[in-house]
Amino acid sequence: MSPKFLLFSIIAVWSCAAAIEALFIQPRSLANFLSMTLTAAKRSPQEYDGYGNYCGWGGEGTPVDSIDRCCQVHDNCYGTVNENECGHYIRNVKLIDYDWHMEGTEIVCDPKDDACGRALCKCDKDIIDCFNENDKDYNPEYNKVIG
């Protein structure tokens, strides 16, 4: 077997595995984030999705206010976690599951999760805390989806 064929075969198998995983695995971390938002944020997830330049998919430019800045920090947090604590995973960190619960009004990340899950949970906890701390700055005109 030629080295080129072997390399091609390995790349093809890896690509197929990644595609299958993306199609059939639910985005668990996103589901956790949605659940956390529904449970602990002062506003509904729909009020944040499409808000400013960073809330929702992607993000670029300058945040329009403190709520949008929360989303920019969250995007950066996921990027850092993807490179560090979750770097051993082939898949996107948005597919990684973690456990959390509420203690009164406080979000608590499960210390039994691995470093990756704990770090992702902290990113999500921090954005919910940031949303709630900056709720007075929320401006519906900045929401491209429902505004």
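Just so it is clear, glycine is given a Cβ too, placed from its N, Cα and C backbone atoms.
Annotated features, as they stand in Swiss-Prot:
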SIGNAL    1-19  signal peptide
DISULFID  Cys55-Cys71  disulfide bond
BINDING   Gly56, Gly58, Asp75  Ca(2+) binding site
DISULFID  Cys70-Cys130  disulfide bond
ACT_SITE  His74  active site
DISULFID  Cys77-Cys123  disulfide bond
DISULFID  Cys86-Cys116  disulfide bond
DISULFID  Cys109-Cys121  disulfide bond
ACT_SITE  Asp124  active site
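When the Cα atoms are compared, Cys86 (disulfide bond) and Asp75 (Ca(2+) binding site) turn out to be 15 Å apart. Just so you know, the Cβ of Gly58 (Ca(2+) binding site) picks up 7 other Cβ atoms within 10 Å once every protein chain is counted. Other than Gly56, Gly58, Asp75, the residues of this chain whose Cβ falls within 8 Å of the Cβ centroid of the Ca(2+) site are, in sequence order, Tyr54, Cys55, Trp57, Gly59, Cys71.
Among the recorded positions Cys55, Gly56, Gly58, Cys109, Cys116, Cys121, the ones whose Cα sits within 10 Å of the Cα of Cys70 (disulfide bond) are Cys55, in sequence order. A helical conformation is recorded for Asp124 (active site) in the three-state DSSP classification. Sequence-distant neighbours of Asp124 (active site) (same chain, six or more apart, CB under 8 Å from its CB) are Ser29, Asn32, Phe33, Met36, His74, Trp100, listed in sequence order. Of all the disulfide-bonded residues listed here (Cys86, Cys109, Cys121, Cys130), it is Cys130 whose C-beta has the fewest other C-beta atoms within 10 angstroms. Comparing C-alpha positions, Gly58 (Ca(2+) binding site) sits nearest to Cys123 among the disulfide-bonded residues Cys116, Cys121, Cys123. Geometry remark: Cys116 (disulfide bond) versus Asp75 (Ca(2+) binding site), CA distance 16 Å. Cα-Cα distance from Cys121 (disulfide bond) to Cys77 (disulfide bond): 11 Å (rounded to the nearest whole number). On a Cα basis, Cys123 (disulfide bond) lies 9 Å away from Asp75 (Ca(2+) binding site). Spacing of Gly56 (Ca(2+) binding site) relative to Cys130 (disulfide bond) is 16 Å (Cα to Cα, whole number). A simple Cβ count within 10 Å picks out one of the disulfide-bonded residues Cys55, Cys77, Cys116, Cys123 as the most packed, and that one is Cys55.
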